[in-house]
Amino acid sequence: MTQIDYTRAAKYFLLQDVWQGFKLGLKYFFAPKATINYPHEKGPLSPRFRGEHALRRYPNGEERCIACKLCEAVCPAQAITIDAEPREDGSRRTTRYDIDMTKCIYCGFCQEACPVDAIVEGPNFEFATETREELFYDKDKLLANGERWEAEIARNLELDAPYR
């Protein structure tokens, strides 16, 4: 006939598995919470975080973009459109710099390709809009983002410099 497995029967009648589960539940119930209350508390961001795009200026106020169009060429989503014209001194500057944020995949290739760190992806990730048209960034919007986030962008680029 069949022998009775006493250890298995003891586990069954003493509800050992249930008590183990209860013990584990109590352990995590009293452990410190890992959840943050997002709108009121924000977690740390990496210096390499890729958020909302921005165009930067030099400290004297001149735009950094030299209209080389490398960012436009390297963009896999074809989200960047640039028009440029030559200036009196022989250099080029952009007349139009548009980014279609509905196409952008935030890969960071534009930032990597830029020889003068003109286009960067800043620390802002809270840029929800009510209309699709607000996601078409023109040069003025990008420059305004750059002015708004310049201190943090410069600090992040400095922290990331050893890895570039």
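The backbone N, Cα and C atoms fix where each Cβ goes, and this holds for glycine too.
Features reported for this protein in Swiss-Prot:
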BINDING   C65, C68, C71, C114  [4Fe-4S] cluster 1 binding site
BINDING   C75, C104, C107, C110  [4Fe-4S] cluster 2 binding site
DOMAIN    55-85  domain '4Fe-4S ferredoxin-type 1'
DOMAIN    95-124  domain '4Fe-4S ferredoxin-type 2'
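The structure, with features from Swiss-Prot marked on it.
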| residue | record | contacts (Cβ under 8 Å, 6+ apart) |
| --- | --- | --- |
| C65 | [4Fe-4S] cluster 1 binding site | L55, R93, T94, Y97, V116, A118, I119 |
| C68 | [4Fe-4S] cluster 1 binding site | P115 |
| C71 | [4Fe-4S] cluster 1 binding site | I80, I82, F109, C110, Q111, A113, C114, I119 |
| C75 | [4Fe-4S] cluster 2 binding site | F109, C110 |
| C104 | [4Fe-4S] cluster 2 binding site | H53, A77, A79 |
| C107 | [4Fe-4S] cluster 2 binding site | R50, P76, A77 |
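Apart from C65, C68, C71, C114, the [4Fe-4S] cluster 1 site neighbourhood in this chain, defined by C-beta within 8 angstroms of the site C-beta centre, holds I66, A67, K69, L70, E72, I82, C110, A113, P115, V116, A118, I119.
Other Cβ atoms within 10 Å of the Cβ of C114 ([4Fe-4S] cluster 1 binding site), summed over all protein chains shown, number 20.
Within 8 Å of the centroid defined by the CB atoms of C75, C104, C107, C110, the record's [4Fe-4S] cluster 2 site, lie the Cβ atoms of C71, V74, P76, A77, A79, I80, I105, Y106, G108, F109, excluding the listed residues themselves. If one looks beyond the domain '4Fe-4S ferredoxin-type 2' (95-124) by at least 6 residues along the same chain, the residues whose Cβ comes under 8 Å of a Cβ in the stretch are 45, 49-56, 63-66, 68, 70-71, 73-85, 132, 135-139, 142, 145-146, 149, 152-153, 156-157.
Across the domain '4Fe-4S ferredoxin-type 2' (95-124), the DSSP tally of helix, strand and coil residues reads 5 helix, 9 strand, 16 coil. Using a 10 Å radius centred on the Cβ of C110 ([4Fe-4S] cluster 2 binding site) and all shown protein chains, the other Cβ atoms total 24. Non-local neighbours of the domain '4Fe-4S ferredoxin-type 1' (55-85) in the same chain are 91-101, 103-105, 107, 109-120, 139, 142-143, 145-147, 150, 153; each lies 6+ residues outside the stretch with a CB under 8 Å from one of its CB atoms.
Across the domain '4Fe-4S ferredoxin-type 1' (55-85), the DSSP tally of helix, strand and coil residues reads 5 helix, 9 strand, 17 coil. Here the domain '4Fe-4S ferredoxin-type 2' (95-124) returns a mean pLDDT of 95 for the predicted model.
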